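Okay, structure first, notes after.
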Amino acid sequence: MEIKDQGAQMEPLLPTRNDEEAVVDRGGTRSILKTHFEKEDLEGHRTLFIGVHVPLGGRKSHRRHRHRGHKHRKRDRERDSGLEDGGESPSFDTPSQRVQFILGTEDDDEEHIPHDLFTELDEICWREGEDAEWRETARWLKFEEDVEDGGERWSKPYVATLSLHSLFELRSCILNGTVLLDMHANTLEEIADMVLDQQVSSGQLNEDVRHRVHEALMKQHHHQSQKKLTNRIPIVRSFADIGKKQSEPNSMDKNGQVVSPQSAPACAENKNDVSRENSTVDFSKGLGGQQKGHTSPCGMKQRLDKGPPHQQEREVDLHFMKKIPPGAEASNILVGELEFLDRTVVAFVRLSPAVLLQGLAEVPIPSRFLFILLGPLGKGQQYHEIGRSIATLMTDEVFHDVAYKAKDRNDLVSGIDEFLDQVTVLPPGEWDPSIRIEPPKNVPSQEKRKTPSLPNGTAAHGGPEQHGGHSGPELQRTGRIFGGLILDIKRKAPFFWSDFRDAFSLQCLASFLFLYCACMSPVITFGGLLGEATEGRISAIESLFGASMTGIAYSLFGGQPLTILGSTGPVLVFEKILFKFCKEYGLSYLSLRASIGLWTATLCIILVATDASSLVCYITRFTEEAFASLICIIFIYEALEKLFELSESYPINMHNDLELLTQYSCNCMEPHSPSNDTLKEWRESNISASDIIWGNLTVSECRSLHGEYVGRACGHGHPYVPDVLFWSVILFFSTVTMSATLKQFKTSRYFPTKVRSIVSDFAVFLTILCMVLIDYAIGIPSPKLQVPSVFKPTRDDRGWFVTPLGPNPWWTIIAAIIPALLCTILIFMDQQITAVIINRKEHKLKKGCGYHLDLLMVAVMLGVCSIMGLPWFVAATVLSITHVNSLKLESECSAPGEQPKFLGIREQRVTGLMIFILMGSSVFMTSILKFIPMPVLYGVFLYMGASSLKGIQLFDRIKLFWMPAKHQPDFIYLRHVPLRKVHLFTVIQMSCLGLLWIIKVSRAAIVFPMMVLALVFVRKLMDFLFTKRELSWLDDLMPESKKKKLEDAEKEEEQSMLAMEDEGTVQLPLEGHYRDDPSVINISDEMSKTAMWGNLLVTADNSKEKESRFPSKSSPS
């Protein structure tokens, strides 16, 4: 048989065509020179299994730029067609380059715009005494799902592993089979006629079996979700199914049955029933019904109706349809064995436009691709593997796009070759192909396969993706007074109304209820501590009022409403020092505090006017993590400390003698030696110790009259209290455990997705509610939340407004600027570091941030609170992180086995606004709030602190100290930074964290903001210990000097010029086919040299020779 050259065979046989006709690409049987193979080469071949590159989680928007390469493409085709026999394609024309060229082109119509694909594999099934039918055996959205043998259920999604032999056979099928691109057809029967006519005309199918093949293709399709109607009522039904049915659209008839589209008449003329934009499927036109349907969450509208009673009916799996993205199309793979065939029938069809082929696919979406493989008996498993191969290829992100944009079979073969060039081979002796690989949590991006890059095998020395930098336009200096503030207002104003509309979600309600309980306790506790430190001049009611007023104003007009304002430790330390100073020198505390607050507000406004917030760009991950870790640890420490302090109020007897229980008592007695203060109090209250019946007093009365407790059941100044401390410990740890368990309930396997999502969103609120009910039912008098019940200042000698001067000397107003400078640093650092953490790029915020506007609102409200004698409030790190975590958005339509993709944060103002409105109204809800046990709130604090530690890289690196290298996680920085450098970076960060902790818990806590600022300089000094590349992986790069930037820009320009010169260099092939870089290969050329490919070509030759002895009986159509 005459051997044809590769270039001629790869060229389409119909170079010109009418737009209304399908592109027919016949191809050839040989693409390389004839090769002889040794017997042992063929017999000793072993199957290699390939780990397929899994597709990207959600398909990104495809590039639509206009490529000016059509003329060049035409010229390349003419050049290829003019190659002499035996000529090779140029070495630089690799499949990867051709695929990148294909994906870079833009078509004039929308028919070649890639859509998401649902792929279904059907195999023809023959049973004795029954009519043959097509049975669904596997399906793909992102990962493979198989129908379990005999189980009548779907397998868990898994990553497909393919044999190299089946991929080669698939490539041969595309090369030698029938390829029909952009076929215009409306029914499966039309498609079958066109395919078989082409097969007969090309001599690939005998005319005498055409009719029988046509009948086989038109057999009924049976899907896994299809169930025949019976009179039997299922008795056993799982709760998950019940929940699933309740959560699904109820647009079906009362039985939940719809007509099997296979048995319904097809509408051949109306091809506009399929909408290309949102995949709207109109069943009423195909079935003649009038009943309207329901629009699914993914945008697919079904109009379903019942057919005649004698027709077989099937259920549409609406739960599975929710997982199909909007605009998705179907790819149908039909494979099987037919006893009357003596050779394989192969066809690849792309429809234009996509058509709803009723009954062909499991779900009612339009079909775009069909792959048909029918052959003689005895090769069923081989056909099945080829079908799995093409189905897996259709889920590959790159080949999927190539299939949509391909102009001929050459493009499809290039797509297969590019796929082969990217796969990973698993050794057959070290891997069991029956093992199903679990889908990965994070699917790698395939964008580098779509864009031109360095040659094969050449490592690209690129840097890491910068996720955490703060070099956005929000932090650019404007050089104008209030320039940054004006830009912040312009940036946030367009989103103001959407900040309220976007809050209509159950997730926001859950976040609001949770954070209200979480914010109430620290505000009241802070007010109580402040009341003790200031002798009641600022206490709980002032704290509640100040937090509510400041929070409402900030939530309405702040630049980043996701930030939650709260009280901080350094502020409390400052208040204590200031009160002690005023008491020693006889100054009015509230008046001097008002002067300091007004100066602080003024200085903060000056910082806003001069764009000082742009200095935030020097706060890198190193500083952020140290600060955030410290606040989280403080939350955990204080929660445990508060629980431990309960033992002082509710002591227990650790050494009981059970035999003396009848003698245990604790009585109130008159003090033996009352203090002078006690005697003075008795005289002022006209109380005589001899007139008091001390034995009849209650515990609180005895304490108020300064009596003494005497008896075996008395502790140090208190009577022993049974059960309360232990019950508080149980409530504390039960709250932590239940909150964490319910929060993770979203990833469990029980109940429908909607139920799991709601439980996870309301986890903390449900926990608090359950603990309150249990505590109320048990009846043990645990300590409860104490909320002021009257809205008035704590002390009667003060009002709601304070004059800055008051009784103090005039010079105190001027002197107040000195402590105001320290307060300004405190407010600026606390506010901006928290804002930086909230605005990190990992959170995918879309509405921008407003550092200048945030600082302005804090400054204004600080001045207002100073005049009204209320506490100062600034951004609370842990509460803000918790707020952001409670509003995370994930994709609703996710393929089976695919992890929901993080989409961003639900950015809105309502949750913060409602938290502080309700906080201000808490005075009127005392009768409800008094039932909340304090140990439950302490448990919430511990949970918040521990959950906020997740995602902090510092703690991941700390765990590496105790891990052997082979057991360490595959962190990206461990690939590029030596382990000793990673440990050195961690030790420095831990040392800084320890120093911050020492200062925070000591009397020097007022200088804590100064130490946080010092971390920026410590990070700058680390440039001498680490290279720039190492710091880019371990931390964010700090802004550099202008001179250094210019030098780097010049170097980059020189490198780009050299790269352009290299691209323009013409490389001439040398004698002996010498290759200057052995790592650069052409997968198509190398494949043609393999024994496996040669074996397939020998088989194809035999088929051709057999065909020549039995010529076709029909003429070409």
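Backbone N, Cα and C atoms are what each Cβ position is placed from, and that goes for glycine too.
The compositional bias 'Basic residues' annotation in Swiss-Prot covers 59-76. Taken from Swiss-Prot, the feature N-linked glycosylation site covers ASN676, ASN686, ASN696, and the record attributes it to sequence analysis. Taken from Swiss-Prot, the feature phosphoserine covers SER89, SER275, SER1056, SER1084. The region 'Disordered' annotation in Swiss-Prot covers 1-23, 58-97, 282-309, 431-476. The feature topological domain 'Cytoplasmic' is assigned by Swiss-Prot to 1-508, 617-625, 741-761, 830-854, 1019-1117, with sequence analysis given as support. Here Swiss-Prot flags 530-537, 583-595, 647-719, 783-808, 876-911, 956-997 as topological domain 'Extracellular'.
Overlay of Swiss-Prot annotations on the structure.
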residue	record	DSSP class
ASN676	N-linked glycosylation site	helix
ASN686	N-linked glycosylation site	coil
ASN696	N-linked glycosylation site	helix
Starting from each candidate's C-beta and looking 10 angstroms out, tell me which of the glycosylation sites ASN676, ASN686, ASN696 has the most other C-beta atoms. ASN696
Counting only residues 6+ away from its ends, which parts of the chain sit with a Cβ under 8 Å from the topological domain 'Cytoplasmic' (830-854)? 466-470, 472, 474-475, 482, 484-485, 487-489, 491-492, 495, 498-499, 554, 557-560, 562-563, 568, 570, 608, 611, 613, 616, 619, 623-624, 627-628, 874-877, 880-881, 884, 902-905, 907, 951, 1009, 1012
Contacting positions for the topological domain 'Extracellular' (783-808) when only residues 6+ beyond its ends and CB under 8 Å are counted: 520-521, 524, 531, 536-542, 544-545, 587-588, 590-595, 598, 646, 649-650, 724, 728, 866-869, 922-923, 925-926, 929-935, 937
For the topological domain 'Extracellular' (583-595), the distant same-chain contacts (Cβ-Cβ under 8 Å, at least six residues beyond its ends) come to 534, 537-538, 575, 798, 802-808, 812-813, 816, 866-867, 869
How about long-range neighbours of the topological domain 'Extracellular' (530-537): same chain, 6 or more residues beyond its ends, C-beta under 8 Å? 543, 572, 575-576, 579, 589-590, 794-795, 798, 869, 871
How long is the line from the C-alpha of ASN676 (N-linked glycosylation site) to the C-alpha of ASN686 (N-linked glycosylation site), rounded to the nearest angstrom? 15
Rounded distance in angstrom between the Cα atoms of ASN696 (N-linked glycosylation site) and ASN686 (N-linked glycosylation site): 19
May I ask for the residues of the chain that lie six or more residues beyond the topological domain 'Extracellular' (876-911) and have a Cβ under 8 Å from a Cβ within it? 57-58, 141-143, 145, 154, 156-158, 297-298, 320, 322-326, 438-439, 441-443, 495, 499-500, 502-503, 505, 507-508, 510-512, 514-515, 518-519, 522, 555-556, 561-568, 627-628, 631-632, 635, 761, 830, 833-834, 837-838, 843-847, 944-945, 947-948
Counted with DSSP (H/G/I as helix, E/B as strand, rest coil), the topological domain 'Extracellular' (876-911) has 11 helix, 7 strand, 18 coil
